[in-house]
Ligand SMILES: CC(=O)[C@@H](O)[C@H](O)COP(=O)(O)O
Ligand SMILES: NCC(=O)COP(=O)(O)O
């Protein structure tokens with residue numbers, strides 16, 4: 001069954017809007033697993049506008065399920081943090097400076113040698129590596145050449161187009177996933193997945209190991225409650 005990793009960035013966004021420690025980001029991580037999540041994801045950004053580096057250290061010491069840290073490995077501070085905290089998985093995302101949120105995957109052909117080098121650094125420390133990619137065959141082929149363990153399919157385009165034509169929206173993801181399976185790459189996915197589009201995605205993507213979901217799940221939790229929201233998302237993955 002596909003695992004649900006809850007991205008708790010948005011708890012930190014709310015906390016930081018007032019200073020202080022409300023809501024408590026560490027508690028949000030611990031409760032995510034208490035409420036049934038299979039893991040916790042954070043995506044610290046260089047300006048620490050939501051998750052802080054100190055949050056990452058505290059979370060690692062206090063959770064028992066899978067910890068996934070996402071971010072830009074061109075930032076030495078990020079690399080050092082990951083090597084220090086040793087999560088189960090690091091997801092490498094090619095964020096540009098000042099970007100509002102992640103909006104593109106790696107060009108795995110152009111950056112093959114760089115990625116290969118960085119991936120080895122993390123793998124030698126015992127950390128599984130996933131790289132964020134668009135659902136494009138060349139990028140999946142390129143990913144296999146970097147030595148990564150997994151790819152994370154960037155699902156923003158699928159989520160955007162789902163309401164109008166879901167078959168067309170998911171088609172490139174199915175093709176990319178089939179190729180990843182042939183190449184023995186593990187498959188994760190994330191970005192803008194929500195209660196309306198998740199079940200169809202998970203039912204149609206062969207070998208989907210994990211989804212990381214933050215923005216929509218935390219937004220739903222405001223109305224439905226955190227535990228209930230996590231349970232509802234889990235149910236979409238059955
Ligand atoms: C890689 C990805 O799609 C998510 O990690 C997303 O970028 C979350 O980051 P923000 O919470 O900063 O939008
Ligand atoms: N990797 C995707 C992620 O962690 C969450 O993305 P979103 O659900 O906040 O869009």
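Cβ coordinates are placed from backbone N, Cα and C, and glycine is handled just like the others.
These numbers come from a predicted model, not from an experiment.
Per TrEMBL, the 3-amino-2-oxopropyl phosphate site holds 18, 192, 214, 215; the candidate it also names there, chosen from 7, 181, is 7.
With 45, 50 listed by TrEMBL as binding 1-deoxy-D-xylulose 5-phosphate, the candidate from 101, 108, 146, 148 annotated for that site turns out to be 101. The Cβ of 101 has fewer other Cβ atoms within 10 Å than any other of the binding-site residues 7, 101. Checking the recorded positions 70, 101, 192 against ligand 1, the ones whose Cβ sits under 6 Å from it are 70, 101. Shown are the recorded positions 18, 43; of these, the residue with the fewest other Cβ atoms within 10 Å is 18.
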